[in-house]
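See structure below.
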Amino acid sequence: MATASFDSAPGASRALPAIEKAPEVTALSTLPGRKASLVGLTREGLKQALIGIGVPERETRMRVSQVWHWIYVRGAREFSEMTNVGKGLKAQLADHFTLERPEVVTEQVSRDGTRKWLLRMAPTGAHDHNRGAEIECVYIPGDDRGTLCVSSQVGCTLTCSFCHTGTQRLVRNLSTAEIVAQLVVARDALGDFTGQMPGKDGGEPGRLVTNIVFMGMGEPLYNLDAVIDAIAVMSDQEGLALSRRRITVSTSGVVPQMERLGLEANAMLAISLHAVRDELRDELVPLNRKYPIAQLLDACRNYPGLSNARRITFEYVMLKGVNDSDADARALVRLLKGIPAKINLIPFNPWPGSKYECSDWERIERFSEIVFTAGYASPVRTPRGRDILAACGQLKSETEKLRARARLMLEEGMGAEAVYADQVD
């Protein structure tokens with residue numbers, strides 16, 4: 001049975017976790033001599049790109065609208081497809097820019113239809129070793145929706161003990177364009193742009209991607225500027241056209257940024273709670289040492305737009321013998337009193353090296369029953385994509401996995417030649 005080891009005994013001083021500053025990239029960051037892609041830019045970013053190649057400012061509103069439509073409604077891959085854009089401007093655009101998406105390094109499809117893409121971003125400089133940072137995003141098809149789980153950072157700084165991504169060091173923040181491009185890649189793969197041929201999922205009527213959750217790699221509120229701008233692009237009704245009520249941002253509890261998220265993004269909020277006592281949450285979610293449960297829930301009660309129609313989702317991973325007792329369930333109900341909320345119970349998804357086990361199904365059902373009886377919706381999240389490590393808490397970029405394997409080979413006495421052969425095999 002997995003148990004938590006506490007590093008904050010009652011009465012002891014609460015050490016604050018060091019929060020690593022993530023390197024930034026700008027919207028058009030790229031290596032010298034490499035054309036930047038326009039895919040993922042905001043309206044303002046696209047305007048500045050056009051002005052930069054000589055488009056008169058008086059024409060930019062019309063030109064931005066034209067190019068915007070081709071990128072975000074039609075899913076254009078070449079400027080030559082833009083039939084209502086003049087030949088001269090198309091030539092200028094092609095001389096200076098591309099419509100490239102991030103490279104799809106691998107695509108894995110689970111037995112349940114979940115898809116995971118490993119994406120390599122365009123190289124931007126020394127902080128990604130001129131190779132291009134890699135992230136993962138996941139598409140989860142459902143009966144009445146299709147949810148895309150997107151990443152906001154390369155790696156993560158929070159080191160949550162039950163989360164695979166937390167074992168990968170933080171490399172850098174993703175730009176707005178890199179966040180939006182994950183949705184563009186998904187729509188490409190699914191044939192989900194207007195006028196495209198049906199994708200691998202059969203081209204069902206309506207949009208295949210209906211919901212976005214910022215629950216991939218990284219802490220979104222530590223990259224809030226880019227996340228807010230990405231939500232604006234995703235929800236623009238003349239483009240990707242998602243409803244903001246179908247966009248959910250999950251945070252481990254960066255309390256000072258929560259109000260701004262609600263005011264500027266108007267997105268749905270999810271909280272990675274996972275414990276009802278500070279001493280346990282300090283271990284599971286070390287950020288709790290900086291923003292303990294009382295502060296976090298106070299920020300939730302004051303979240304802009306909070307109502308019964310816009311409830312906060314509290315995520316609670318079920319860990320056997322750690323946080324799954326009847327007493328924990330009753331304490332959870334008491335903590336959330338007065339907050340319009342639902343509680344997502346998440347069966348723990350195992351990953352190599354984890355010290356935890358998933359609660360027994362009977363225990364999960366009992367926990368859910370207690371919460372539901374108290375008046376809170378308490379669905380048990382169906383694990384999706386476990387067989388391809390695409391489920392909640394399992395994402396970790398392939399680059400980091402390969403580096404870890406290389407270190408292990410060297411520690412076992414295998415030479416550099418063997419490591420190189422393994423990496424390129």
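Here the Cβ of each residue, glycine as well, is placed from N, Cα and C on the backbone.
If you look up Swiss-Prot, you'll see GLU136 marked as active site, proton acceptor. Per Swiss-Prot, the feature domain 'Radical SAM core' maps to 142-381; the stated evidence is sequence analysis. What Swiss-Prot records for CYS149-CYS392 is disulfide bond, and it gives sequence analysis as the kind of evidence. Annotation comment: Swiss-Prot describes CYS156, CYS160, CYS163 as [4Fe-4S] cluster binding site, evidence class sequence analysis. Look at Swiss-Prot and you will find GLY218, GLU219, SER250, SER272, LEU273, HIS274, ASN349 tagged as S-adenosyl-L-methionine binding site, backed by sequence analysis. If you look up Swiss-Prot, you'll see CYS392 marked as active site, S-methylcysteine intermediate.
Projection of Swiss-Prot feature records onto the structure.
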residue : record                               : Cβ within 10 Å
GLU136  : active site, proton acceptor         : 25
CYS149  : disulfide bond                       : 28
CYS156  : [4Fe-4S] cluster binding site        : 28
CYS160  : [4Fe-4S] cluster binding site        : 23
CYS163  : [4Fe-4S] cluster binding site        : 26
GLY218  : S-adenosyl-L-methionine binding site : 30
GLU219  : S-adenosyl-L-methionine binding site : 28
SER250  : S-adenosyl-L-methionine binding site : 21
SER272  : S-adenosyl-L-methionine binding site : 26
HIS274  : S-adenosyl-L-methionine binding site : 25
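You'll find the Cα of GLU219 (S-adenosyl-L-methionine binding site) roughly 7 Å from the Cα of CYS156 ([4Fe-4S] cluster binding site). In the three-state DSSP assignment, the secondary structure recorded for CYS163 ([4Fe-4S] cluster binding site) is coil.
On a Cα basis, CYS149 (disulfide bond) lies 9 Å away from the residue listed as 'active site, proton acceptor'. Put simply, CYS160 ([4Fe-4S] cluster binding site) is 11 Å from LEU273 (S-adenosyl-L-methionine binding site) when counted between their Cα atoms. Mean predicted confidence for the domain 'Radical SAM core' (142-381): the pLDDT average there is 92. In space, ASN349 is the closest of the recorded positions CYS149, GLY218, SER250, HIS274, ASN349 to CYS163 ([4Fe-4S] cluster binding site), judged by Cα positions. Each residue contributes its Cα atom, and for GLY218 (S-adenosyl-L-methionine binding site) and CYS156 ([4Fe-4S] cluster binding site) those atoms are 4 Å apart. When the Cα of HIS274 (S-adenosyl-L-methionine binding site) is compared against those of the recorded positions CYS149, CYS156, CYS160, the shortest separation belongs to CYS160.
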